[in-house]
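Enquirer: Submitted below is the structure of interest, expressed as structure tokens.
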Amino acid sequence: MRAAEQRCFGAGVSQSELMERASLAVAREVARLGAGQPVLVLAGPGNNGGDAYGVARFLRDWGHDVAVASIGRPASGAAAENAAAWHDEVESLEQVSPRPVLVDGLFGTGMSRALDAPVAAQLARLVAAASVSVAIDLPSGIETDTGLDLGAPGGITATVALGALKPAHLLGAGLSKCGHVLLADIGVEAATEWRSIARPRLEAPGPQAHKYGRGLVVVVAGSMAGASRLAARAALHGGAGYVILAAPEPASGAPDAIVHRTIDGRDALAELLADPRIGAVVIGPGLGRDEAAMNRLEVAIGCERDLVIDGDALSLLGKTAAERLGTRKASTLLTPHSGEFARMFEAAGSKIEATLAAAKSSGATVIHKGADTVIASAGGKVVVASAAPSWLSTAGTGDVLAGLVAARHAAGGSADEAVWLHSRAARRAGPAFAADDLIAQIPAAMGECL
Ligand SMILES: NC(=O)C1=CN([C@@H]2O[C@H](COP(=O)(O)OP(=O)(O)OC[C@H]3O[C@@H](n4cnc5c(N)ncnc54)[C@H](OP(=O)(O)O)[C@@H]3O)[C@@H](O)[C@H]2O)[C@@H](O)CC1
Ligand SMILES: Nc1ncnc2c1ncn2[C@@H]1O[C@H](COP(=O)(O)OP(=O)(O)O)[C@@H](O)[C@H]1O
Ligand SMILES: [K+]
């Protein structure tokens, strides 16, 4: 966004013009959400503050009752011009009284350290006392590139993201502290391969479709049979045409549509995985971490089929992941939660940067799960999926995701599709669902994409 702003200036747009567009976009939202109630605008010492003085001016010119309070005063540039153009009183942040509508223009993308405690406390008090609060670009106290909480208030109603979403609108504390994120077009083109997730377009099988062409998925089971059954059932309902559950012992309890194979040693598994019709192999859910588990994992890594690695298999790989996966001849997709991720890779920088680095070092597509799921490919593509229902934090939903990732991959689709369907199925399942209920909602979630 910073580079995009510079390009915009280079193309002849003045900083004042850009700030005017930003102020206007925010003022419109405040007018809409505030519905004519008295407004308090908080203005900081940088360009976020510059936007704030502009918002105050627009609202006053449109007839709203507006008060302004500040910390610091912009020293130069368009922000200083906007501050100078506000001829009415400016109160101090410490002493100002709350009003029903609050506009937070203290700090935006320039947050460089934690808010001072008295500032954070006063901001929290003013937000809590307001019935509507709108943050300019970002809530003050959220680090733009990481979503780290540097003292931001809770309870912001809406954040008007200027020009493009920043990582903090989707990651970490930003997820809960931005409120509704409204994206304002201010005429700045941000060129990036980073996207937020969108509903995929899927196609029903064509008239020539047959079960193998739809996607053959093999789920390699281990000591905890339920987890691999969940993955196998999710693969089936995620659109795979044929699902094989390869277990050390004869399986019970899975739907009859799943083909059961008893695999008792390395050679039997290697023979099964030699089938070139296989579109994806899943290993990890309920695999266990004993020697037999390690043997199965080694066979799976050595096979020439595309591989989804989850759960125990990720922990078994640990810090050797990048090295051992780097030599694979077929595609690899990893689905770690944050604990598994930390066992395998360095977690430096933002979640996006860390996931991207992991994808590049391992050559795999990494689906780094959580409320802010980040999907990164070795080629540099990033998709962030936030706002999944928090009811997903229940045992077995990760196994379901692993099966879904395999099904979509085997069908020629993407990990993004699987993550979107998973989240949508959770939304449809309502509160307090079990992983089994989530699987039952996958077909209907797919139906929304046809
Ligand atoms: N580029 C453009 O033209 C456009 C930009 N736009 C807008 O500009 C925003 C970015 O503006 P920005 O870069 O000036 O940073 P901003 O968020 O105002 O904060 C910097 C100031 O805060 C200070 N400071 C930082 N942390 C602090 C702390 N904890 N406690 C106290 N002080 C702290 C810091 O001081 P320093 O660190 O230098 O001591 C500096 O004075 C962006 O989000 C968008 O709203 C739009 O108008 C479109 C056009
Ligand atoms: N608080 C949350 N909000 C949204 N999604 C969540 C949350 N907690 C977990 N999830 C999602 O639920 C799934 C849990 O996976 P995982 O931790 O592997 O569980 P398990 O091993 O029990 O199957 C992941 O897809 C993750 O993104
Ligand atoms: K702000």
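Glycine too: its Cβ is placed from the backbone N, Cα and C atoms.
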Enquirer: LYS369, GLY370, ALA371, ASP372, THR373 show up in TrEMBL as binding AMP; which entry in GLY349, GLY380, GLY396, GLY398 does that record put in the same site?
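Expert: TrEMBL names GLY398 for this AMP site.
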Enquirer: Can you match one of ASP88, ASP104, ASP185, ASP256 to the K(+) site that TrEMBL gives for ASN48, SER140?
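Expert: The one candidate that TrEMBL places in that K(+) site: ASP104.
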Enquirer: Binding-site residues THR109, ALA371, THR373, GLY398: which have a Cα within 10 Å of SER140 (K(+) binding site)?
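Expert: For SER140 (K(+) binding site), the binding-site residues whose Cα atoms are within 10 Å come to THR109.
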Enquirer: For the recorded AMP site, enumerate neighbouring residues of the same chain (Cβ within 8 Å of the Cβ centroid of LYS369, GLY370, ALA371, ASP372, THR373, GLY398, site residues themselves excluded), in sequence order.
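Expert: These residues sit around the AMP site: HIS337, SER338, HIS368, ALA385, ALA388, LEU392.
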Enquirer: Less than 6 Å between Cβ and the nearest atom of ligand 1 is the rule; apply it to the binding-site residues ASN47, SER112, SER140.
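Expert: Result: ASN47, SER112.
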Enquirer: Looking only at the domain 'YjeF C-terminal' (194-449), what is the mean pLDDT?
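Expert: The answer is 95, the mean pLDDT of the model over that range.
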Enquirer: Under 8 Å between C-beta atoms and at least six apart in sequence, can you list the same-chain neighbours of GLY370 (AMP binding site), or say none if there are none?
Expert: HIS337, SER338, LYS351
Enquirer: Suppose we draw a 10 Å sphere around the Cβ of GLY50 ((6S)-NADPHX binding site). How many other Cβ atoms does it contain, all chains included?
Expert: 29
